[in-house]
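Data block below; observations after.
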C-alpha cells in the first residue's frame, strides 16, 4: 500500500520549528467547502491578537477559479468566518476558522448550503432541534487501495471487524485515536468512535448539536480527519461505496429530535415526523448526497444494512429501514429517530435543512419552498 512522500519527512525536525515562540501573533487557518461540494480547502493568515469571538475575525478572499467556484476573469471569492475552533495542529492560541463562501456580488456560492440552512434553523429555534450524525469513512493508501488489505487480494469476509480488536481486525486505529483527541482539543462535539463492518472502515459520531452547529462541527471534524491522515500519509474517503461487491458501503446516519420528541409521550411527534417523511422520499434522496442521489444509488440497495433507494420504510430497531426508531425510544415513548439514508459524503447542511423543512415546516412536494426574507 502506497503512502505519501510528505509522510516520510522527518517530523522531529519540523517540531524544532513548531516549538519556537510566536509572540503575540496568532495563526488562523481559514477553511471552506470548494466547488465540488465535498472537497475542503484552507489557507492561513496572521492575526495581531487572539480572537475571542467570530466577530473579531476579518473577512478574507481567495481565487475561486482554482477551486471550481468561478472563472478566471472574475475570480475573487469572499470568505466570511462562521465558526471558530482551537487548532489541534498548531495548538493554542491558534485557530481553525470555518467560513461561508460568497461570490463577487455577495451572493452565496452554489456550494454554500450553510447560508439557507441557517435561515431555516432560525425559523424553528424555539423547537430546539437536535442532531447527531454518524460519519463513516474508509482509510485508503495514496494508490487507492484500502488500508491494510492484501495487495493482490481481499481480507477475510465481513464479520469480525465491526468494533473489532486485534491486528488482524482493526486497520489503522492510530489514525482514529489521533483524530478523536484532536477533535476533543478543538472543541468539536465528538460523541465517540468505532471500527465498522468493512475492514479499514471506521465511524465517528458528532453531536448532539443544536441547529446550525451540526454542520459546522461535522465539516470541521472532517477537515481534522483529512489533516491527520495527511500526517500519516494515507487518505480518508467518504465515498458511499468505495469497494464494489459484498462489502458494506459508508453512510452518515442522522439522528434527529425536537424538544417535544424528547419529552413525555414524544413518540407521537416522532411518528408524525416519519409520516411526513414517507410522503417526500425523493426530495430527501436528492438532498442526501452531493450528486442528487446518484452516489446513494450504489449504496442504498436493500442489502448490507441499507434500505432500497426507491422505497421508504420505517421500523423499531430495523437497520434495513429508511428510518429507524431506537428500541429505547419505542419502550420509553420518547426520544429521537434515525434517518439512515444520507450518504457518507453528504453535506450536513443539506441533510439537516431537509429534515427541518419536512418535519417542522410541513413542506410537501419535490422542491424546497422559497421563503421571503
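Cβ from N, Cα, C; glycine included.
The ATP site in Swiss-Prot is built from 203, 204, 205, 206, 207, 208, 255, 256, 257, 319, 324 plus one of 100, 110, 134, namely 134. Site annotation for L-glutamate in Swiss-Prot covers 246, 247, 319, and the matching candidate from 222, 298, 340, 341 is 340. Residues in the domain 'GS beta-grasp' (24-106) partition by DSSP class (helix H, G, I; strand E, B; coil) as 9 helix, 39 strand, 35 coil.
In this structure, residue 256 (ATP binding site) is part of a beta strand by DSSP. Note on proximity: of the recorded positions 11, 104, 136, 246, the one nearest residue 336 (ADP binding site) is 136, by Cα distance.
Put simply, of the recorded positions 11, 134, 337, 340, the one whose Cα is nearest the Cα of residue 196 (Mn(2+) 2 binding site) is 134.
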